[in-house]
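Below is one structure. I have some questions about it.
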């Protein structure tokens, strides 16, 4: 029998699908990535094609193996991590989606959320799912599909349709329709899962008109869910052994497995998570209570603050504003000036997430004067990412009563030294950047590897977390507080705009 030398992480993100292959020392030996189409049918609507998600994800695995000359029988297992909340409904008989995937960023269900609030469900949702009633989560997206796609509700009630977040869709495709599962971390992001009883919430399913027959079975984040045949019929059978939503996978990859440990991922959005162990902390400051992974992949509680626009605001500078040739250029231009010249950029392009939860706020640039140039705008955009992180961290520390000694960071934007230093300054906290910043993939690989015995224990993995750099805070307290006060004023401007806004303005 061939020695199983490798573990695979499939990392299905908002803009691309990736496959990462790791060896026993948790070194990345091969990877492949493919971007896929972003679909914007109307203002504030965001969709993906589920078949394109599957095609790009499956092809990256084949490419990653081929790049390194690795045979499928050398793989010990596969872990999956995914963009969360993004909603797919498909026909289990044909295997075809009934509609495009509705992406977590999509705001089309704001009116459904307002209706549920009017029916008095806001407190019930918070107390039982840990979430706020917001279009961000899966529940209202499922309802929208059933209400708006011809024949969908009838087929759902006849037991023909299945719902899944992206992990569920991938596992279903990889097992050729044999396995319909999700894990606790992804289930906790649907606004349909009771995090007190750890089961689907029948009251919420009934309130949204979603048949329970559509829902996947919920399992731990580290166990064997099924096998996939690599190479088609008669190919090598590889266990699918780990699933976690991208942010919980990153928390695990950073080895934040004990209460009080926290990380921030700077991806499309920014996501700050703090593990609270077996204690469910209910936020009084606009944060979410969600499920994460304990040391063995068992469900644990966490506090989360979600910022919708992180790295995506740098992409906006590049793609829409044409101020950058490449996202990596933002650091160079930001450091060409010694301040943002009084400018604040609030990137509320799809509303504001934690701790504000304002679906109607919109992007705002304030403080413009005649002396402001493009470098100031670029710098202010990067600073806006850091300020949003402070908004969340302040709320998190207030809820938990824990003052963080440091913040562990990961994601594409952490390569930006200006952003990381400014983050440390605005938080007055050490920022720790790991040597391997692919911690989302690491987390999925670790969960799968532990389930199949590729690694023996969490202790074996703790030693693999090597720091690349520690950023120390520089700013004095008076300067820090003055600048943050300006940010809070800018946030108010973004929110007041929505209060004054009329749909006729866009005609």
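Each residue, glycine too, has its Cβ placed from N, Cα and C.
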Considering the ADP binding residues 14, 18, 268, 412, 416 given in Swiss-Prot, which of 69, 311, 363, 367 is annotated for that site as well?
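The record-listed residue among the candidates is 311.
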Among 6, 136, 184, 301, which residue does Swiss-Prot annotate as binding glycerol together with 84, 85, 246, 247?
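Record check against Swiss-Prot: glycerol site with 84, 85, 246, 247, extra candidate from 6, 136, 184, 301 is 136.
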From the binding-site residues 84, 85, 136, 247, 416, pick the residue whose C-alpha lies nearest to the C-alpha of residue 315 (ATP binding site).
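Closest by Cα distance to residue 315 (ATP binding site) among the binding-site residues 84, 85, 136, 247, 416: 416.
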Sort out for me which one of 16, 268 has the most neighbouring CB atoms within 10 A, since those are the binding-site residues we care about.
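When each Cβ's neighbours within 10 Å are tallied, 268 tops the list.
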How many whole Å apart are the CA atoms of residue 268 (ATP binding site) and residue 246 (sn-glycerol 3-phosphate binding site)?
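Rounded to the nearest whole number, the Cα-Cα distance is 12 Å.
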Round to the nearest Å and give the CA-to-CA distance linking residue 247 (glycerol binding site) with residue 311 (ATP binding site).
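Rounded to the nearest whole number, the Cα-Cα distance is 15 Å.
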Between 14, 315, which of the binding-site residues has the fewest other CB atoms within 10 angstroms in the structure shown?
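Relative to the other binding-site residues in 14, 315, 315 has the fewest Cβ atoms within 10 Å.
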Provide, as an integer number of angstrom, the distance between the C-alpha atoms of residue 16 (ATP binding site) and residue 85 (sn-glycerol 3-phosphate binding site).
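The Cα atom of residue 16 (ATP binding site) is 16 Å away from the Cα atom of residue 85 (sn-glycerol 3-phosphate binding site).
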Looking at ADP and its recorded binding residues 14, 18, 268, 311, 412, 416, figure out the farthest C-alpha pair and report it in angstrom, whole number.
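About 22 Å separates the two most distant Cα atoms.
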